[in-house]
Amino acid sequence: DTSSKGKTPRRPGPKKASNTERDPVGVYCRIRPLGSEDEECCVEMISSTTIQLHAPDGLKANRNGEYKETQYSFKKVFGINTTQLELFEDVAKPLVEDLIHCKNGLLFTYGVTGSGKTFTMTGSPGEGGLLPRSLDMIFNSIGPFQAKRFVFKPDDKNGMEIQSQVDALLERQKRDSQQAVPKTPSSRQKPDPEFADMISPDEACKSENVDEDGCYGVFVSYIEIYNNYIYDLLEDAPYDPIRPKWLGGSTPVPPQSKILREDQNHNMYVAGCTEVEVKSTEEAFEVFWKGQKKRRIANTQLNRESSRSHSVFTIKLAQAPLDADGDHILQDKNQVNVSQLCLVDLAGSERTNRTRAEGSRLREAGNINQSLMTLRTCIEVLRENQMCGTNKMVPYRDSKVTHLFKNYFDGEGKVRMIVCVNPNADDYEETLVMRFAEMTQEVEVARPVDRPICGLAPGRRHRNQAFRDEVLMTQLIESLPDLPTCELVDPADDQTLPRMIEVLERRHQIRQMMTEQFNKTANTVKSMLQQFDSQLSAKDYFLHDQQSKLNEKDKVILSQKTEIERLEKKSKTLEYKIDILQKTTDMYEQDKRALQQELQTREHRLQSELSERKRMEQRMQGAVTDTRLKWEKECKALPVHPKHRRSHSAGGEKWVDHKPPSNLELDTVMQPIIPNAIKVSTPSEKALSKCHKYVLRHQELASDGEIETKLIKGDVFKTRSGGQAVQFTDIETLKQVCPLAPSRKRRSGSAEGPAEGEDIENRVSS
């Protein structure tokens with residue numbers, strides 16, 4: 001079939017649980033105490049399974065004018081007075097029991113930033129959280145039944161191998177020579193107070209249903225998911241041996257992110273993750289603290305030590321049965337059962353408008369919110385598929401968190417979630433966490449299948465121990481002299497009883513020697529213990545002295561932290577003011593540039609207008625001069641009318657005829673009719689300062705005998721040099737009938753014209 005060529009064969013899907021029994025996801029709610037009594041509380045615990053949210057003062061009412069109160073139900077609600085032990089016994093202890101019985105478990109804390117998730121998971125000295133209590137319960141339960149170190153060995157494929165006693169011994173010697181394996185602290189040595197004070201001896205828990213016919217090994221790993229990348233917190237940072245020191249050599253190389261892979265059972269695991277075998281609670285918590293120091297935390301507006309990544313602490317328990325003799329581990333890899341408990345501390349969701357995150361903090365917050373949103377989406381799709389019978393694809397691969405734990409939601413273990421709530425009124429609007437947590441309870445997870453039980457007879461370890469004790473007693477008895485025969489046949493026998501007495505005396509002497517040796521050894525041990533006690537007292541005194549000095553240093557550090565916080569707040573305030581001033585300066589700079597540009601444009605326009613006016617003035621002056629010269633030439637060649645002929649004398653002009661002219665004629669005759677003549681009437685300086693007008697009069701004699709007068713009007717303005725200039729704005733034209741011209745003849749068929757001697761017709765056009 002050519003159509004099937006080149007197609008990749010489909011991988012088999014993950015194994016489904018053979019049973020149909022399902023358990024809902026257990027969701028618990030824990031309310032943290034308020035920071036101070038002055039803070040307003042908006043969460044009320046109504047019952048052991050229900051809480052109610054009250055709207056704080058100042059919040060807007062709903063449409064009915066009343067505050068909206070919402071109730072949420074959980075499997076159990078823990079109030080502000082709940083101790084860490086009570087929370088552990090109800091939530092985490094059943095998961096540890098399942099871990100010892102070869103069942104997986106997932107426990108994660110969920111909530112907004114600053115709601116107490118890390119405290120719930122880790123705790124503090126004197127108030128150990130879920131993680132140290134789980135480790136303590138595991139080692140209290142399987143302590144006597146642990147296998148020697150390196151008998152169990154991870155195979156780097158999410159599986160476990162069994163080594164022989166010889167290989168394990170060689171591995172221990174190799175590691176001891178390299179001093180890479182931390183020593184388990186002895187019970188007579190005082191452990192680190194930080195670890196010992198986490199849990200008091202009275203609060204120790206232990207599982208009673210432990211299979212004594214098996215050997216156990218505990219492995220821990222610690223990773224973080226930062227910006228959707230997986231990093232190993234227990235990995236030793238490699239050094240760069242090539243680069244010289246002055247170029248940055250011999251410095252730790254930045255950690256490399258890890259990838260997720262799927263094992264042969266279709267379970268997800270982190271490839272290349274460091275798994276450390278631990279033999280005590282102190283050693284396990286020391287490994288945890290080593291990784292905790294590398295975890296990314298930062299100071300935000302809402303939390304001084306805000307987790308910027310999701311942390312996953314995995315406790316892997318490997319167990320294998322003893323052989324038929326109850327002496328050694330059964331060398332069969334198929335008989336090894338590996339169960340794991342994942343303790344997840346999710347980073348808190350946050351709003352940037354409250355944290356005022358910037359730069360890398362803003363990017364971290366975005367990735368945290370995106371991964372939590374993917375978790376909500378997966379839960380919603382699972383709920384919809386189970387309730388509506390749909391078969392939608394769950395988007396596990398959209399986030400590393402959901403992709404890593406998808407097997408738990410497919411039926412590989414129990415899932416428990418603790419929702420941490422901050423009752424402060426400022427977190428009232430973060431009700432999305434509550435709605436999501438309440439909805440998660442509707443998701444059901446398939447119950448894990450019980451692992452097959454080994455077919456060997458139970459009680460093998462106990463029988464082997466009893467056999468060893470019997471052999472030891474037999475060897476002790478055999479070391480004593482044999483008793484002779486005690487049968488007396490002859491009353492005169494005087495040898496049997498003395499021999500018996502001699503043997504008994506010898507036995508008595510041997511017992512006395514053993515008693516003396518035992519007492520001597522006991523006295524030596526007692527003296528050693530007394531010496532250790534004296535050294536311990538001296539160390540206690542030294543530690544007390546150092547503790548007092550440390551307390552003084554802590555006070556100094558606290559005061560310095562307070563001063564640093566004050567300076568940080570002041571710095572942020574100044575930065576905020578600087579930003580405002582910078583924005584204001586930028587606005588003023590923009591306005592300044594705009595005004596400068598507008599000023600340059602107007603100056604350029606003004607210069608253009610001035611140059612244009614100068615050119616027009618020069619052109620008008622030239623035209624006036626040319627016209628005046630032309631009209632003067634024409635005026636010399638123009639004859640005077642006989643009716644108004646004047647005689648010239650030294651005294652001036654005189655009229656020749658006796659008929660006095662009219663006013664209009666006088667005005668016209670007093671100024672000779674000059675064709676194309678221009679007369680400029682210039683007002684006085686006083687009138688010029690009042691009216692600011694300039695009139696240029698232009699008279700012209702037309703061919704039809706009419707006199708055409710043009711009044712060119714303009715405005716007078718002052719120049720920069722203190723002079724005056726004229727800008728012409730209007731032209732007014734006046735036409736008059738010349739009184740000296742012959743009267744027009746009326747055309748045939750036209751109306752009668754005006755009689756001789758009538759007033760002169762004036763026609764004005766503008």
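Cβ coordinates are placed from backbone N, Cα and C, and glycine is handled just like the others.
Annotations in TrEMBL come from automatic prediction, not curation.
Pulled from TrEMBL, these are the features on record:
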- Gly111, Val112, Thr113, Gly114, Ser115, Gly116, Lys117, Thr118: ATP binding site (BINDING)
- 550-612: coiled coil (COILED)
- 178-188: compositional bias 'Polar residues' (COMPBIAS)
- 24-443: domain 'Kinesin motor' (DOMAIN)
- 1-22: region 'Disordered' (REGION)
- 172-203: region 'Disordered' (REGION)
- 640-659: region 'Disordered' (REGION)
- 740-766: region 'Disordered' (REGION)
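Sequence features, as recorded in TrEMBL, placed on the structure.
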| residue | record | Cβ within 10 Å |
| --- | --- | --- |
| Gly111 | ATP binding site | 25 |
| Val112 | ATP binding site | 22 |
| Thr113 | ATP binding site | 24 |
| Gly114 | ATP binding site | 24 |
| Ser115 | ATP binding site | 27 |
| Gly116 | ATP binding site | 18 |
| Lys117 | ATP binding site | 25 |
| Thr118 | ATP binding site | 24 |
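Confidence for the domain 'Kinesin motor' (24-443), expressed as mean pLDDT, is 82.
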